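A.B. asks: One structure follows; several queries about it will come next.
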2 protein chains.
Amino acid sequence: MDRDQCLALDAQDPLRAFKDEFVLPEGVIYLVGNSLGALPRRTAERMRRTVEEEWGEQLVGGWNHAGWYEQPLTVGDRLAPLIGAGPGQVVVGNTTSIAIFQAVAAALRLRPERRVIVSDAANFPTDHYMVQGLAGLLGGYEVRDLAEGRFDDAAVVLLSEVDYRTGARQDVPAVTAAAHAAGALIVWDLCHSVGAMEVDVSDADFAVGCTYKYLSAGPGAPAFLYVNPRHQATAENVLSGWHGHAAPFAFETDFRPADGMRRFVVSTPHVLSLAALDAALDIWERVPMAQVRAKSMALTSLFVDLVGDRLELASPADPAARGSQISLRHPEGYPVMRALIDRGVHGDFRAPDTLRFGFAPLYLGYTDVHDAAATLLEVLDKELWRDEKYAVRLAVT
Amino acid sequence: MDRDQCLALDAQDPLRAFKDEFVLPEGVIYLVGNSLGALPRRTAERMRRTVEEEWGEQLVGGWNHAGWYEQPLTVGDRLAPLIGAGPGQVVVGNTTSIAIFQAVAAALRLRPERRVIVSDAANFPTDHYMVQGLAGLLGGYEVRDLAEGRFDDAAVVLLSEVDYRTGARQDVPAVTAAAHAAGALIVWDLCHSVGAMEVDVSDADFAVGCTYKYLSAGPGAPAFLYVNPRHQATAENVLSGWHGHAAPFAFETDFRPADGMRRFVVSTPHVLSLAALDAALDIWERVPMAQVRAKSMALTSLFVDLVGDRLELASPADPAARGSQISLRHPEGYPVMRALIDRGVHGDFRAPDTLRFGFAPLYLGYTDVHDAAATLLEVLDKELWRDEKYAVRLAVT
């Protein structure tokens, strides 16, 4: 496909108007929306309002009048449709790691007779690390890698819908059914799928995810936690903080969980960070997710076609079997990526040899993908990555 | 003391210039700085910069170039002098509740042969609730109330330097020494003391606190966690997330704790909320804390003197024995407070009968205190609180 054909596809793109809702620096093709989503234009004004009008003018009254107190639930309700959930099933706040701890600990207490946690070495490391920390705290639990393939004695299975490294996509309904058939509960990590495709966790037991990737809610934006309604009356939040209490302003001595999802709110929400998430959801409530997925598959396929067989494809070749990301292998991946970034094409690198490119369909076009692939081929053809300045490692790579 | 004398004290106040650094709504005397501190003027510009220049322009590069990745530690180092700590001893992030969970869990693992956690029913409820959640998760632990007075078999003691309800101040050195003499570790909750007085936790084992009260870092601002250097090599962070790993970008399968305080960083920091904390610390690094404490004691004493014996004093009568807060009892405390707020004097109410007034010395003057007391006396003398409209409860009181 040549550049003119890409321009024509962009002109016909039903999502093309969304690009104007994001701030993108001149001369940059940003293929890292799978790590940190671009800034929505509306967010700056929303932050100003929350800081100057809510905090500045309402002061502590903001907890009532600006709705801060309810935001973990009200913003959760706004996010819920993006993961196939309904009202009263999602809370936002804290971080993905904390939400994993809450979900896995709750699942273990719902399956007290079992002592195995199945996690996946291909999960993003924090998932695995948090489970290790929980297992170490409790004692007597085995953390088994998914590769062993056995769910039969598992209390809980923790998996990612989309693999952060390769973009490979799990079959959520099939794996959920397999876990349930074995008597296990399942926790899905949706960090790399939410906002990039239609997600449906309505059969899952728990789900977690972050909002700073495709959802563009800002660096370190709050995470979300989903609890299936069938568990809400019995699931315990072991991080039983004041905001999860049934009557916080009674200041009782003993914890008594609130009904429903409120019990999973731990403590004072990060209001400023939540404001940016709420602003991003002003966009997402207008986004037709089936179109996002269709465009995402077209963009990743275009990139693979244009790069051809110049680099080993680490992602599944079938677009239906991957998320909105393409991973390519190169033994000198680090300087290759630095050389690309120097030419305005921003991807990232994951040791030891993986170049990652994320495709956020709301602000990337076909022509962007064409130009990114052309730049990558030029960096490879001319061996531009051999410049010494690209060998110097940055702290965060 | 009459109003003219208060005006004269304000004119001589060495801290008077700080008031201009805060946004305070016209006609409001804000005595809730012990719950949510007022907005620093500089914060709005700092938030704009972080959102528009860092996130908007640097995008994912902000983790390197804007220093986001290191902020849990660099901002922690800036906060450290306010609690008598040194560099490399404090991390910021998450919430006080999460920090309590980390600190108490770490302490329990340092005292594996003991099975008692001493907490204080007078602690803010979240402290007690988080400990109950942890004890329930672990099983086999007793949560003993401080009132029983025994530390001898305690693994850890969790206490607040200043009581949120009465403002009563603990003798930190004496209680720390008593805990240590009994072989227990101690975790201090500094939520109601940091920013209001000189705090010194250098003998303590752990300390936690929030930054949205006297420190004015914004609604739901990140918390801090202090770990004494003598424990840093051995204390475990049971919330062992990716950002606490020794080599996060090696993406290892197993958690391996970073050296020093970094192991207590759980996961991706809330960058937007952290920016507001960093902005507030631009003020605090210029604040002479001995002057803050002297003015705080003068302000609380003035308020007590002016209100006289019209209401029962729930706070200690000796200013040295209390924080920067005065609590008064009235059987109809809720409508009394609503009537006060309606007249521009903002305090808060804690069930069943406590009127709380916080005195933030950076933006409150002697004349403010004079006028607040006069308004309170008027509300009481004229029984203005009997108006029906003040009986309607707000969600967050």
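Positions of Cβ are set from backbone N, Cα and C atoms, glycine also.
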A.B. asks: Among A:TYR212, A:TYR334, which residue does TrEMBL annotate as binding pyridoxal 5'-phosphate together with A:THR96, A:SER97, A:PHE124, A:PRO125, A:THR126, A:ASP127, A:ASP189, A:HIS192, A:TRP242, A:THR268?
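C.D. replies: Record check against TrEMBL: pyridoxal 5'-phosphate site with A:THR96, A:SER97, A:PHE124, A:PRO125, A:THR126, A:ASP127, A:ASP189, A:HIS192, A:TRP242, A:THR268, extra candidate from A:TYR212, A:TYR334 is A:TYR212.
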A.B. asks: Should A:THR126 (pyridoxal 5'-phosphate binding site) be counted as helix, strand, or coil on the basis of DSSP?
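C.D. replies: Where A:THR126 (pyridoxal 5'-phosphate binding site) sits, the three-state DSSP reduction gives helix.
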A.B. asks: Just to verify a number: CA distance, A:THR126 (pyridoxal 5'-phosphate binding site) to A:LYS213 (N6-(pyridoxal phosphate)lysine), in angstrom, no decimals.
C.D. replies: 16
A.B. asks: My list of binding-site residues is A:THR96, A:ASP189, A:TYR212, A:THR268; which of them have a Cβ under 8 Å from any chain B Cβ, in sequence order?
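C.D. replies: The answer, in sequence order, is A:THR96, A:TYR212, A:THR268.
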A.B. asks: Give the sequence-ordered list of residues that share a chain with A:THR96 (pyridoxal 5'-phosphate binding site), lie 6 or more positions from it, and have CB atoms under 8 Å from its CB.
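C.D. replies: When sequence neighbours closer than 6 are ignored, A:THR96 (pyridoxal 5'-phosphate binding site) has A:THR126, A:ASP127, A:ASP189, A:CYS191, A:VAL208, A:GLY209, A:CYS210, A:ALA223 within Cβ distance under 8 Å.
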A.B. asks: In Å, how large is the greatest distance between any two Cα atoms among A:THR96, A:SER97, A:PHE124, A:PRO125, A:THR126, A:ASP127, A:ASP189, A:HIS192, A:TYR212, A:TRP242, A:THR268, the listed binders of pyridoxal 5'-phosphate?
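C.D. replies: Comparing all Cα pairs, the maximum is 31 Å.
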A.B. asks: Are there any residues in the same chain, six or more apart in sequence, whose C-beta is under 8 angstroms from the C-beta of A:THR268 (pyridoxal 5'-phosphate binding site), and if so which?
C.D. replies: A:TRP242, A:HIS243
A.B. asks: Using DSSP reduced to three states, classify A:ASP189 (pyridoxal 5'-phosphate binding site) as helix, strand or coil.
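C.D. replies: Reduced to three states, the DSSP call for A:ASP189 (pyridoxal 5'-phosphate binding site) is strand.
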A.B. asks: From the Cα of A:LYS213 (N6-(pyridoxal phosphate)lysine) across to the Cα of A:PHE124 (pyridoxal 5'-phosphate binding site), what is the distance in angstrom?
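C.D. replies: Cα to Cα, A:PHE124 (pyridoxal 5'-phosphate binding site) and A:LYS213 (N6-(pyridoxal phosphate)lysine) are separated by 14 Å.
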